[in-house]
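**Q** Structure incoming, see below.
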């Protein structure tokens with residue numbers, strides 16, 4: 001779960017040249033006030049104050065807030081939470097302002113964190129904060145979780161509202177966090193607005209899509225969301241150290257392609273994934289789906305090239321693990337879920353209310369920087385990162401992925417070494 005896997009993803013995205021088709025933003029860290037829109041003040045003060053040097057004086061709170069075992073205390077923890085949450089808040093703000101159609105925060109997706117409790121290496125729930133931000137402008141928000149673990153923190157946060165529907169496809173039965181039964185469907189106003197699809201070990205691409213597409217088609221029809229948040233946890237891939245599923249990048253990425261085809265504002269966040277080379281592969285591939293660009297199976301040379309040996313390919317193969325999800329089980333599961341969806345009030349209405357102030361008010365438009373820039377000096381990277389290059393542009397630059405003339409030579413040399 002270390003941020004190193006995000007750095008590996010970033011390098012692959014750069015060296016495939018995908019950054020030319022998108023805008024790259026440097027989000028502001030979320031403030032204490034931003035994070036306490038969901039989390040309790042007492043919990044956030046603890047995260048802000050505690051560190052490895054003074055943890056003995058926080059013994060009671062560590063027990064209370066579940067910090068220590070699965071969620072260790074480390075230097076820079078609060079800043080880590082600020083950056084992860086800030087990324088999802090910035091993504092939501094960009095979607096709200098219609099500056100982008102798809103916003104990606106691979107550093108986000110920490111779906112286990114509760115209001116006053118850390119869980120499963122998730123300390124602050126950037127997804128809940130992002131959805132709360134989206135709800136300022138959007139009537140209904142759909143949250144879909146394809147991580148191998150149940151998205152319990154997000155489900156719990158919106159369990160009693162009909163403005164957010166949570167849908168989670170996960171391994172269920174003697175597996176962390178132990179929640180996410182088919183019978184958990186929400187409560188009060190939110191009854192039927194929590195959807196759980198509990199799966200067994202070894203599910204393959206074809207089995208997964210045979211249940212994912214019919215259920216999500218019905219959800220889109222009955223709920224009609226005006227924004228979608230997709231948690232793309234990569235621990236549902238084959239070869240993960242913790243996850244027992246058997247998906248490849250193509251099966252996992254098909255979920256992103258499904259939502260892209262609906263043309264609704266889409267926020268994509270990261271999540272779990274405990275084989276870092278496959279996490280980087282997965283999120284790079286899903287970035288290419290988001291920008292609608294084909295990428296070669298042969299990996300471009302990058303700073304972490306040796307991590308992807310011995311084949312140096314983007315795509316991974318399915319294993320021959322036994323698929324415990326037989327067609328009869330999946331058919332029955334699909335029928336049960338769709339029966340619940342059929343009971344829904346068709347597209348719930350929402351009362352009109354004044355729009356609240358945006359989070360991260362310091363986010364501003366960089367067009368003034370471009371207009372007032374000195375023509376004899378280069379624009380700062382903060383500005384050039386936000387420019388989308390035309391595919392006809394062909395020149396050598398100083399960034400990864402820019403030296404297209406020599407990239408094949410670099411790969412060959414690396415493999416010979």
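Easy rule for this one: first residue shown is 1, then count along the chain.
Keep in mind that glycine also has a Cβ here, set from the backbone N, Cα and C atoms.
Pulled these features from TrEMBL for this protein:
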DOMAIN    1-288  domain 'Histone deacetylase'
BINDING   70, 120, 274  substrate binding site
BINDING   147, 149, 235  divalent metal cation binding site
COMPBIAS  396-417  compositional bias 'Basic and acidic residues'
**Q** Taking only the binding-site residues 70, 120, 274, which one has a CA atom nearest to the CA atom of residue 235 (divalent metal cation binding site)?
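**A** Closest recorded candidate to residue 235 (divalent metal cation binding site) by Cα: 274.
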**Q** Taking the centroid of the Cβ atoms of 70, 120, 274 (substrate site), which other same-chain residues have Cβ within 8 Å of it?
**A** 1, 112, 121, 149, 176, 242, 272
**Q** What's the most sparsely packed of the binding-site residues 70, 235, counting other C-beta atoms within 10 A?
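**A** Selected from the binding-site residues 70, 235 on minimum Cβ neighbours within 10 Å: 70.
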**Q** Would you mind checking how many other C-beta atoms are within 10 angstroms of the C-beta on residue 149 (divalent metal cation binding site)?
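**A** Cβ-Cβ neighbours of residue 149 (divalent metal cation binding site) within 10 Å number 26.
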**Q** Starting from the Cβ of residue 147 (divalent metal cation binding site), draw a 10 Å sphere and report how many other Cβ atoms land inside it.
**A** 25
**Q** Given residue 149 (divalent metal cation binding site) and residue 120 (substrate binding site), what distance in Å do their CA atoms have, once rounded to a whole number?
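**A** Rounded to a whole number, the Cα-Cα distance is 10 Å.
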**Q** Around the divalent metal cation site formed by 147, 149, 235, list the extra residues of the same chain whose Cβ is within 8 Å of the site's Cβ centroid.
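**A** Here the non-site neighbours turn out to be 148, 170, 233, 236, 242, 243, 271, 272, 273.
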**Q** Hey, which of the binding-site residues 120, 274 is the loneliest by Cβ count within 10 Å?
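**A** So among 120, 274, the binding-site residues given, the one with the fewest Cβ atoms within 10 Å is 274.
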**Q** In whole Å, how far does the CA atom of residue 70 (substrate binding site) lie from that of residue 147 (divalent metal cation binding site)?
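**A** Cα-Cα, rounded: 18 Å.
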**Q** So what's the mean pLDDT when you look at the domain 'Histone deacetylase' (1-288)?
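**A** Averaging the confidence scores along the domain 'Histone deacetylase' (1-288) gives 95.
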**Q** I'm trying to understand the geometry here, so how far is the Cα atom of residue 120 (substrate binding site) from the Cα atom of residue 147 (divalent metal cation binding site), in Å to the nearest whole number?
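**A** So the Cα of residue 147 (divalent metal cation binding site) lies 13 Å away from that of residue 120 (substrate binding site).
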